[in-house]
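So the structure is just underneath, and the comments pick up after that.
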Amino acid sequence: METYQIYSITSGVLFVIGMGGVFLSKHFIKKIIATIIMGSGVFLAFVSFAERDALSFADPVPQALVITGIVVAVASAAFALALARRIYQLTGEESFTIEK
Amino acid sequence: MTGLPTSPLPALLVGFPILLAILTLFFRPGVKALVGLAGCLLTALLAFIAFVEVTQRGTVIHTPGGWDPPLGILLRMDALAAVFIGMTALVGGFISLYAWRYLRAQDPATGGYPLFWPLWLFLWAGLNGLFLSNDLFNLFVTIEVISICAVALAVLSGKAGALKAGLRYLLAAITGSMAYLFGVALLYGSTGTLDLDHLGQVLEPGTTTTFALLVVTLGLLIKMAGFPFHFWLPPAHSNALAPVSALLSALVVKGAFYILLRLWMEVFGVGITYAAGQLIGLAGAIAVIWGSWQAFMQTSLKLLVAHSSVAQLGYLLMIFPLLILPPGVTADSADWLSVTWTGGVYQVISHAIAKASFFLSAGIVIMAVGHDRIESLRDLVGNMRITSMAIGLAGVSLIGLPPSGGFVGKWMLLKGILLSGQWWWAPVVVAGSLLTAGYVFMLLRLAFAPAREKEPFRPVPKTLEVVALLLAVSSFLIVFPADYLIQFLENSEIFGSGIEAVLKGGFYGND
Amino acid sequence: MIWFLTIVLPLLAAFFAVFLPAGRRGSGFILAGAALPALWLGLVEVSGVTAPWFLMESHFSLDTPRRIILLLTAILWATAGLFSGSYLKDDARRGEFSFYFGLTMAGNFGLLISADVASFYTFFALMTFASYGLVIHSRTPSARRAANIYLVMAIIGELFLITALYLAVESAGSMLLADIPPALAESPDGPFIFLLGLIGFGVKVGAIPLYFWLPLAHPAAPAPASAVLSGAMIKAGLVGWMHLAPVGLVEWTFLSLLMVSLGFTAVFGAAIYGLTQVDPKANLAYSSISQMGVMTVLLGIGLYGDIPPELLLPAIALYAFNHGTAKALLFMGTALPAKVGGAWRILMWVGLGLGVLSIAGGPLTGGLWTKSLVKTFLGETSLPGAQTFMLLLKLSAVTTALLLSRFLHLLYRIKAPSGNVAPAFFLPWVLLLLAGGWWTMSPGLLPGELLSHISGAKGIMDFFMNLQKNWTAFWTISIGVIIMAFTLKFTHLNVWPTKKPSLPPGDFIHLILFAGAAVAKPLRKGISLLESGIQSIPGPEKIFYIISDSKRTSRISSAAEALLRRWEFVGIGFFIFFLILFLVLR
Amino acid sequence: METTSFLPLLILISSLVPGIMILLLREEQFAMRTFLNLFGAVAKVALVGWVFAGYLSGEEYNFIFRLAPDLTFALRLDALGLFFAALSSALWLITTLYAIGYLEGGLHRNRFFAFFSLCVTASTGIALSGNVITFFIFYEFLTLSTYPLVVHKGTDEAVAAGRTYLWYTIGGGTILFLGVVGLYAVAGPIYFGQTEIIASLISEYPTQLTILFFLVLAGLGVKAAIFPLHGWLPVSMVAPAPVSALLHAVAVVKAGAFGIVRLVYDVYGIGVAEEMNFLSVLAVFAAFTIIYGSVRALYQNDFKKRLAYSTVSQISYIALGVAIPGALTSTGAIVHLVHQGLMKITMFFAAGNVAETYGHKKISELNGIGRRMPLTMGAFTIAAFGMIGVPPVAGFISKWYLGLGAVEAGSYWVVLVFLASSALNAAYFLPIVYRAWFCEPDHEVVERLRSGRLETQALLLIPVVVTGILSLTSGLFAAVTGSPLSIAREIIEKFYLL
């Protein structure tokens with residue numbers, strides 16, 4: 001099994017785990033962590049594709065993309081955490097109830 | 001890429017709002033609003049200039065810093081982008097005016113939610129960027145900017161309900177983005193390019209392409225709240241402040257639709273099957289019926305409008321099955337293609353205008369009565385003539401009754417449906433229109449009914465009412481340039497090689 | 001001009017009478033004056049005119065039979081109008097009476113001078129509906145009932161009529177009345193169309209079996225109105241028949257026999273039933289039915305085809321003329337015995353007697369002359385059973401005499417006022433007596449060939465001097481009168497009712513009403529059940545309201561939406577969507 | 001199609017602009033509002049008259065504006081359209097006068113008159129539209145502009161009626177929309193009168209064109225109140241009398257009927273419609289509606305409701321006339337457009353006058369009303385006789401042509417339908433007439449008028465008298481050039497010669 005295949009499969013698994021977490025876990029923080037796991041899967045996929053076509057050097061574009069992606073993901077996660085915290089402060093709720 | 005005229009305008013369209021957004025951060029709250037408003041109006045002006053530019057010169061491009069792709073970024077403003085940018089400017093401009101007055105009245109203490117302005121300008125920049133982007137990753141970045149700004153705007157009021165809705169929105173948006181990004185990774189992995197034009201040429205059918213198509217499509221469907229992923233939209237849109245709701249419903253969701261349209265039409269030519277199109281169409285059809293029905297059953301005004309958005313987005317999804325040729329049909333005989341996609345775009349515009357007006361009017365009513373139960377509309381006609389007129393006109397446009405913009409959109413959609421022979425979508429359009437009429441006239445019925453209490457309406461600033469009405473009237477006035485717009489879209493080189501060319505190749509019949 | 005005046009003057013009079021106080025006061029003279037143009041047209045031959053601007057292009061003209069009837073009609077309306085002026089002097093609804101009187105008059109004149117279908121039908125309808133106001137004039141319950149029965153029958157008649165006219169015009173391809181008989185003669189549907197018309201106009205004529213409104217309605221109206229109803233308007237139906245009947249052009253044995261036998265049924269049936277009445281006007285009404293029977297017989301003969309129309313139709317018209325004037329005289333006469341006293345009473349009785357004689361065909365009266373016309377044609381026709389019919393006709397003189405002597409007796413019982421008094425309306429009555437008498441017996445009305453056909457070269461005076469004819473008439477009538485006198489004289493033979501009619505006027509309408517009432521109640525109940533049933537059937541919108549407005553629906557749909565909002569379900573949805581999309585993409 | 005004229009547009013603007021301006025007025029600006037109203041109404045009548053004269057002398061008036069590819073807004077004047085436009089504008093003028101009197105002192109008059117004007121804009125738009133799509137635009141515009149009028153009183157009953165009204169009309173409109181789009185999809189843009197388009201396609205797309213015909217027909221059938229799509233009409237009579245008058249006589253039901261005429265004569269063409277047996281289906285439905293409406297009318301005690309069911313019945317005369325092929329029935333159908341309008345508007349005016357002056361809304365309360373309101377009830381009586389088909393009122397002329405035509409076409413059953421309907425009409429109208437003129441009032445009524453005073457306000461009285469007289473004269477002088485009949489004949493000659 002080639003390395004990049006391991007990478008790819010792992011990335012896929014991570015993505016699925018993350019997605020499952022987003023949908024199935026209840027707690028806000030768990031959901032947020034799940035999105036981060038999803039993100040990790042995606043970035044891993046990018047990184048794995050950096051080694052393609054038996055190039056002698058790694059494709060720089062995915063690396064650049066991943067860095068940007070991580071920034072975006074971190075920003076989102078931070079924002080989400082801030083929201084979760086604020087919600088907890090205001091209402092004491094830690095998970096989604098059916099709201100309007 | 002070469003040969004297309006360059007223009008600094010695309011860069012300005014993205015850069016200028018960002019600059020202003022940053023600028024506003026430095027001002028006192030009171031001034032912030034003024035600067036923000038001025039910035040918005042200038043951005044709108046810029047957008048109109050850019051629109052005119054494209055009508056004059058055709059597609060224009062800009063490469064910031066002179067770096068060509070793949071290293072640099074190419075901003076490309078074709079007719080489709082120009083139309084979307086123009087729509088954003090029109091609707092955004094009106095909403096800005098409204099927001100300026102509305103926020104001040106809502107929250108006089110802090111000078112009216114001062115953070116609104118930088119966020120909205122960032123959002124605007126993101127939207128412009130999205131419409132101008134020509135590669136998959138740029139699209140990701142811009143849509144992320146849009147999502148985060150949108151969520152931030154949605155929670156602006158700081159109320160618990162808004163926060164929860166916002167978190168739900170944000171999580172959904174992140175999930176969607178990640179799915180999309182995963183698809184982008186797969187595509188890049190198999191082709192080594194992100195450029196839309198290039199990708200369309202080199203993409204080959206295969207498992208990777210299929211998976212990429214799958215996750216990209218589903219991710220974008222989540223972001224545009226296509227059925228069954230509309231779960232985040234009604235809470236988010238209904239809990240936000242009125243101008244924000246209008247922005248979210250009119251503009252933000254259209255971003256994801258824009259990407260989906262471009263990808264399906266341009267990139268995935270080889271991967272898509274007729275049945276897949278039918279499936280998307282089915283999702284759209286269910287959204288139309290379900291969203292309209294839910295809107296009809298609501299007792300709260302803003303939720304009603306939000307559900308209506310779910311339904312209206314369903315109409316946009318319904319153009320996808322029509323754009324995919326059934327087996328054995330050649331593109332030359334498929335005379336419905338151009339009417340369908342231009343009709344879809346036109347529908348986007350008319351919905352944006354009408355829905356914005358609708359949300360703004362709802363905001364006015366809520367401001368006047370203090371709550372958003374539908375009952376509050378009783379005797380609206382007697383007390384707030386302008387707003388009830390706005391609701392009436394916007395509603396009529398949503399239903400798609402002539403002579404509104406919605407009518408032209410529905411006309412073209414229905415014509416596409418009938419010309420393509422996929423008549424089974426027609427009952428959906430009919431039922432959707434009827435249900436839409438159901439909830440719009442439920443509101444109007446109450447508006448004409450006698451009031452239960454005396455003097456239920458507090459006075460509201462006239463500016464707000466006038467802006468809402470102007471938007472509502474615009475949703476009728478856009479009928480006049482309709483012919484021009486549609487010709488403009490049809491005749492221009494869109495999607496790089498031009499949608500006609502892609503469609504003529506056919507998604508299916510070719511291989 | 002005169003043609004239009006004929007119609008317009010009565011209309012103007014009607015409006016004048018209702019809107020102006022002066023019109024109300026002088027209504028008698030105004031109404032009488034309004035009939036003058038018609039009188040002129042009846043006497044003087046004027047060439048026809050076309051009015052392209054009226055209705056669907058109208059034509060007005062007259063032929064001999066219609067001119068005779070127009071003359072009759074004009075005389076009756078003029079005298080009745082004059083009569084009404086003083087007769088109704090103290091009536092609170094006098095203005096209203098004049099209004100309907102004028103309208104009816106206009107309709108009656110108009111239909112006579114119309115030569116095209118549209119205007120004929122127009123004026124026919126105007127007359128029909130306006131006369132409702134005359135019948136209901138007294139507003140008593142019985143008048144209301146009579147009027148309403150009249151109206152229902154009239155509408156039924158109109159429906160048959162319009163159908164007949166549609167078909168007739170279609171087959172003639174022309175709106176001209178004159179084109180219709182030849183077209184019917186040609187058309188295979190001719191008999192059917194004529195039958196429809198027979199029914200349609202039959203209502204107005206009071207033909208068997210459509211007559212039963214007549215003994216109710218004619219007596220209900222005030223005396224002058226009864227006079228024109230029975231004397232003039234009843235003839236409008238006859239004119240209608242004459243317009244449709246292809247006399248001399250066809251040999252419709254069945255229809256011919258049908259009309260003749262229906263006619264004779266009327267002649268005898270009505271006369272006998274009329275004997276049971278105590279109201280002199282009801283008695284007269286039955287007499288009208290009976291007499292119209294004779295005219296029905298005449299026209300029936302015409303359908304057999306062996307009598308030329310130019311002989312037969314004027315003869316019918318003249319018969320109608322005689323009957324009309326006499327009958328109007330008698331109807332108006334019913335108002336006299338209570339008002340006329342002393343010496344004037346002699347004149348009154350003479351007049352009434354002459355009227356009765358004339359109708360019965362008594363010696364030296366116009367009746368003798370007109371009845372001999374019938375006899376002539378019955379004698380000439382080869383219609384099967386003509387001999388029997390001749391016999392029946394002779395017999396009818398007896399029954400008529402019986403009926404009308406009963407009428408005189410009924411009048412006789414009315415208490416006379418004391419002194420030499422005569423009301424103002426006595427004068428128009430006398431005028432009518434004179435005019436009727438004069439014109440019935442003057443030969444000027446008839447075309448020469450008919451005159452010579454009947455009376456030979458010897459002329460009409462010779463006819464009246466014919467002893468044998470007069471003698472026959474005398475004794476046949478005497479039989480009737482004697483029977484009447486006899487039965488009145490001997491109490492145990494006196495079967496005649498005095499206070500209440502032994503059988504109600506309108507005869508079998510009561511059976512119909514009785515049966516109708518029996519049917520109507522459940523029917524009405526059934527229909528109103530049906531109506532409430534229909535009302536309770538929810539329309540499509542109601543069904544939708546039931547669904548959309550119910551609490552349950554909103555509960556279910558909000559529960560479903562809540563389900564879709566749950567993250568788990570979105571996840572499942574994502575998975576399913578993914579799978580299906582995956583499948584369809586392969 | 002080459003010449004462009006703004007005159008047709010001007011005809012629309014003459015009521016559109018006053019309508020919008022009135023909407024912006026303040027409630028108490030009575031004089032300004034009345035001025036705008038009357039100015040618009042008079043201007044419209046004058047313009048229609050002017051254009052009519054021009055048309056007769058051979059001028060062509062077209063106005064074309066492209067909204068989207070093959071979505072063209074076209075106003076084009078032909079005899080049929082002008083006929084309807086003349087009816088609309090003339091009756092609008094009269095109804096405006098009536099409404100000014102009727103609503104004196106009422107609430108929301110600005111709104112009322114504004115939408116009143118818009119409503120007439122829509123109905124003249126329908127009259128002048130040159131192609132299917134323009135017709136549809138105005139057809140829907142009519143729905144929208146009449147809704148505020150139906151719910152004008154704002155009572156719960158009115159609002160509920162408005163709801164039903166909308167469900168029917170919007171539903172019909174949507175179906176019509178589907179049909180119209182379908183027609184465009186199959187046959188491309190269809191201008192009225194281009195029957196050759198469908199004729200050339202009918203053999204190629206028989207199924208599609210059949211379905212489309214019935215879709216369009218169903219859409220139009222809602223406004224024309226053909227059973228089973230009539231449910232809105234009796235309900236929406238809760239509107240103020242001038243609105244009912246306008247809805248029932250001119251604007252809404254006529255729009256449907258006029259549309260059916262256009263559909264059969266100007267889109268599909270008589271030949272195709274007959275050949276494909278479309279007409280017999282229409283005939284059956286129309287005939288059933290005629291009887292059904294009349295039977296239902298019998299049982300209504302509410303004055304306006306009885307009139308409403310009568311409208312259901314009467315409008316189907318037009319449809320039935322269209323459905324029986326032949327020049328005579330067609331003439332009858334088209335002339336009935338006008339005649340029914342005149343008669344029905346008279347009746348609603350009369351009902352409104354009675355309700356407004358004495359508060360009587362039930363037929364059982366009408367005893368002796370004729371004596372108190374002779375002119376009003378006189379006009380009503382004329383109209384009622386016309387409805388029955390008694391000459392010389394206008395209704396007779398229509399029925400004469402329809403009946404004669406049915407005989408000519410050999411459709412004897414249709415004649416029976418007409419007869420039954422006439423009998424039923426008599427059965428439900430004559431009792432009203434009887435009560436009005438021949439019954440004594442049940443209770444003491446304050447005799448508020450006598451000696452020189454009018455029976456009700458002049459503005460209420462004049463319209464009813466005028467329309468009453470018009471109902472009479474258009475029958476009485478039907479043969480005169482310029483009468484509704486003569487124009488209808490000319491229109492039909494064109495269809496049957498082509």
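Just so you know, the numbers here start at 1 and follow the chain as drawn.
Glycine too: its Cβ is placed from the backbone N, Cα and C atoms.
Here the structure is a predicted model, which means the values were calculated and not measured.
Annotation source TrEMBL lists transmembrane segment at C:38-56, C:68-88, C:192-214, C:226-246, C:252-272, C:284-305, C:311-334, C:346-369, C:389-409, C:421-441, C:471-490, C:567-585 (among others). Taken from TrEMBL, the feature domain 'NADH:quinone oxidoreductase/Mrp antiporter transmembrane' covers C:114-334.
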Checklist entry - Is the transmembrane segment (C:68-88) packed against any residues at least 6 beyond its ends, judged by a Cβ distance under 8 Å, and which are they? => result 10, 26-32, 34-36, 38-39, 41-43, 62, 94, 97-98, 101, 105, 108-109, 112-113, 222-225, 227-228, 231-232, 235, 238-239, 314, 317-318, 320-321, 324-325, 328, 332, 335, 423-425, 427-429, 431-432, 435-436, 439, 445-446
Next on the checklist: Let me spell it out: take the transmembrane segment (C:311-334), skip the flanking residues so only those 6+ beyond its ends count, and list any with a Cβ under 8 Å from a Cβ in it.
Outcome noted: 64-66, 68-69, 71-73, 75-76, 79-80, 83, 218, 223-224, 226-228, 230-232, 234-235, 238, 242, 247-248, 280-281, 284, 287-288, 291-292, 294-295, 298-299, 301-302, 348, 351-352, 354-356, 358-359, 366-367, 369-371, 373-374, 376-377, 404, 407, 411, 425, 428-429, 432-433, 435-437, 439-440, 445-447, 449-450, 453-454
Item to check | Close approaches to the transmembrane segment (C:192-214) from elsewhere in its chain (Cβ under 8 angstroms; 6 or more beyond its ends) | outcome: 128, 146, 149-150, 152-154, 156-165, 167-168, 171, 184, 233-234, 236-238, 240-241, 244-246, 252, 255, 259, 262-263, 265-266, 269-270, 285, 288-289, 292-293, 295-296, 303, 506-509, 512
Item to check | Per Cβ pairs under 8 Å, the stretch of C:38-56, C:226-246, C:252-272, C:567-585 packing most closely against the transmembrane segment (C:284-305) | outcome: C:252-272
Checklist entry - Which stretch, C:38-56, C:226-246, C:346-369, C:389-409, tops the Cβ pairs under 8 Å count with the transmembrane segment (C:252-272)? => result C:389-409
Checklist outcome for this item: The answer for the transmembrane segment (C:226-246), taking Cβ pairs under 8 Å and residues 6+ beyond its ends, is 65-66, 69, 72-73, 76-77, 80, 83, 104-105, 108, 111-112, 120, 124, 127, 131, 134-135, 161, 164, 168, 177, 180-182, 184-185, 190, 193-194, 197-198, 200-207, 214, 217-219, 281, 284-285, 288, 292, 295, 299, 302-303, 313, 316-317, 320, 323-325, 327-329, 331-332, 334
Checklist entry - What residues in the same chain, six or more past the boundaries of the transmembrane segment (C:346-369), come closer than 8 Å to it by Cβ-Cβ distance? => result 287, 291, 318, 321-323, 325-327, 329-330, 333, 336-337, 340, 397, 400-401, 404-405, 407-408, 411, 426, 429-430, 433, 436-437, 440-441, 460, 463-464, 469-471, 473-474, 477, 480
